[in-house]
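Novice: Here it is, the structure in full.
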Amino acid sequence: MQTPKRRRGAQGCPRSSPSPPLLLLVGAVWFCAALSVAAGSFELTILHTNDVHARVEQTSRDSGKCTGQDCYGGVARRATKIRELRANHSHVLLLDAGDQYQGTIWFSFFKGREVVKFMNSLGYDAMALGNHEFDNGLAGLLDPLLKHANFPILSANIRPKGSIASNISGYILPYKIINVGSEKVGIIGYTTKETPVLSNPGPYLEFRDEVEELQKHANKLTTLGVNKIIALGHSGFFEDQRIARKVKGVDVVVGGHTNTFLYTGSPPSTEVAAGNYPFMVKSDDGRQVPVVQAYAFGKYLGYLNVIFDDKGNVIKSSGNPILLNKNISEDQDVKAEVNKMKIQLHNYSSQEIGKTIVYLNGTTQACRFHECNLGNLICDAVIYNNVRHPDYNEWNHVSMCIVNGGGIRSPIDERANNGTITLEELTAVLPFGGTFDLLQIKGCALKQAFEHSVHRHGQGMGELLQVSGIKVVYDLSRKPGSRVVSLNVLCTECRVPTYVPLEKEKTYKLLLPSFLAGGGDGYHMLKGDSSNHSSGNLDISIVGDYIKRMGKVFPAVEGRVIFSAGTLFQAQLFLTWGLCISLLYFIL
């Protein structure tokens, strides 16, 4: 545990030392003030996680599969740090702000049993529901999580409708009062109201405005004599701040959904801080409310110390997310349980998903240089996974997908094993354990992304975008940055989907790998505003489910990515050079 550093005085010209009487007076004032604070104060330590996304095992620096020595997170390592902090602090709460579900093969196989097992083992005190907890429908939430959790699961803004209310009565609570030492702490949960678009909660749950519902329950807690209230939820950093400003009575906001990294000082790893930790928000009634998130994927453990006065006002808050790196050992008992469950994954990975009757070309020579049919299959699967809830204005809320060619790591041969596709083969195609996320982006930024896609085309570097719902024409004879000749996108606000020219000032929804959403492969223009970025499902789960549903697949090269005739000769020259580079890549 790091002790927060004291702020030093400003550096400048030497100052004369205060006289002894003045020092005594100042010391007396500070001593009396300290006594008055200590007399009625209560210190609470809040440990928190959010957006863990089924990272049961330790992961790489970028939260993919860990294959080397530089590994992070995992439930066993988190258990060690939690045990240490509980031993060193008197009043500790361990909270989760949602999206434990979805993200690795662990969830694909165990379907949440791994979540409830290890959250129970680590002794969580409360959890707010995230949108991904509904990915397997209400039934997949009810069993295993709701029925087997040893901790309260919260959301104040979810209202059941009709007969479903009796099925979940008592399982999803709006709030919970927890006795911490001699004090009562109220925790109110909330879930993004966009869940019906982002997941599969079904038609019988209503997701209401977070602020309105939180205020109702904060008022109720106040009437019950609770003056220390935490809002714990999953609606994103922007909404977390709105809650801090608007909801009277809420003292601390612990959030999730946008994978926001907050940190005071120099960050310990590759994440760039979106602000200080805690992020202080001035409420409309004049209070300073700390808002926190702890990035995602279990890489960090949020660590917030809050001091309340005897009236429940926050008088001090401090801390930082703790990087769970190799300097923290893994708890051996928890690790043994992880290894025991991991044995069951072996047979799962060899199961048949479906068949292909064509060669699924995921080679470097294909996907990094021109349109490839495996890239088309992947993006078509992602669009299919996100087709839901048409309305009068739109046939779907999103129509476009991109994936970088460098993220496609292997072909699948239709002549091997009679065209059978196994989970192991699909994992070889998409080995990084990433997700396909939803992003809102301006047309001008999307245009920049496609310029970046070919800014050094021919070098086999992996930036070339494979697409669905997009048609792009390039001219490689032009200078980098001006090579996009035309860019058409599939309309959503239409009854018959057709391709229309991209509008630079229009805001679009785009599906893309989490790697690109984080600015990977130089796509900094896609990183954008984290408040408009929603984490999605595991890539192999999306593609695997699509292949299962189709039974047999036969994706084609369809002219989604075209190089104009004037540049074909130039492209061939680049390709020859690129093949040499690719060979070196695989050798090294």
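Every residue, even glycine, has its Cβ placed from backbone N, Cα and C.
What Swiss-Prot shows for this protein is this:
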type	residues	note
SIGNAL	1-40	signal peptide
BINDING	D51, H53, D99	Zn(2+) 1 binding site
BINDING	D51, D99, N131, H234, H257	Zn(2+) 2 binding site
DISULFID	C66-C71	disulfide bond
CARBOHYD	N88	N-linked glycosylation site
SITE	H132	site 'Transition state stabilizer'
SITE	D135	site 'Transition state stabilizer'
CARBOHYD	N167	N-linked glycosylation site
CARBOHYD	N327	N-linked glycosylation site
CARBOHYD	N347	N-linked glycosylation site
CARBOHYD	N361	N-linked glycosylation site
DISULFID	C367-C372	disulfide bond
BINDING	R368, N404, R409, F432, F515, D521	AMP binding site
DISULFID	C379-C401	disulfide bond
CARBOHYD	N418	N-linked glycosylation site
DISULFID	C491-C494	disulfide bond
CARBOHYD	N532	N-linked glycosylation site
Novice: Quick one: Cα separation, C372 (disulfide bond) versus N361 (N-linked glycosylation site), in Å?
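Specialist: Taking the Cα atoms only, C372 (disulfide bond) lies 6 Å from N361 (N-linked glycosylation site).
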Novice: Given the recorded positions N131, H234, N532, which lie close to H53 (Zn(2+) 1 binding site), meaning Cα to Cα within 10 A?
Specialist: none
Novice: Would you mind reading off the Cα separation of C494 (disulfide bond) from N131 (Zn(2+) 2 binding site), to the nearest angstrom?
Specialist: 28
Novice: I need the nearest neighbour of H257 (Zn(2+) 2 binding site) among the recorded positions N347, N361, C379, N418, using C-alpha distances.
Specialist: C379
Novice: Between the Cα atoms of N418 (N-linked glycosylation site) and D99 (Zn(2+) 1 binding site), find the distance and write it as a whole number of Å.
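Specialist: A Cα-Cα distance of 38 Å.
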Novice: Just jot down the residues in the same chain as H234 (Zn(2+) 2 binding site), at least 6 apart in sequence, with C-beta under 8 A of its C-beta; none if empty.
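Specialist: The answer is N50, A97, G98, D99, A128, L129, G130, N131, Y190, T191, T192, G255, G256, H257.
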Novice: Sort out for me which one of N131, N347 has the most neighbouring CB atoms within 10 A, since those are the recorded positions we care about.
Specialist: N131
Novice: Could you check what DSSP calls N532 (N-linked glycosylation site) once collapsed to helix, strand or coil?
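Specialist: For N532 (N-linked glycosylation site) - judged by DSSP and reduced to three states - the answer is helix.
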Novice: Can you check which residues sit near N404 (AMP binding site), meaning Cβ under 8 Å from its Cβ, same chain, 6 or more apart in sequence, and list them in order?
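Specialist: Those within reach of N404 (AMP binding site), by Cβ under 8 Å and sequence separation of 6 or more, are G462, E463, L464, L465, Q466, P513, F515, L516, G520, D521, Y523.
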Novice: Starting from the Cβ centroid of R368, N404, R409, F432, F515, D521, which together make up the recorded AMP site, report each further residue of the same chain whose Cβ lies within 8 Å of that point, ordered by sequence.
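Specialist: Other same-chain residues near the AMP site: V403, G405, G406, G407, I408, G462, P513, G520.
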Novice: Let me know the most crowded of the glycosylation sites, choosing from N418, N532 and counting other Cβ atoms within 10 Å.
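Specialist: Max Cβ neighbours within 10 Å, all protein chains included: N532.
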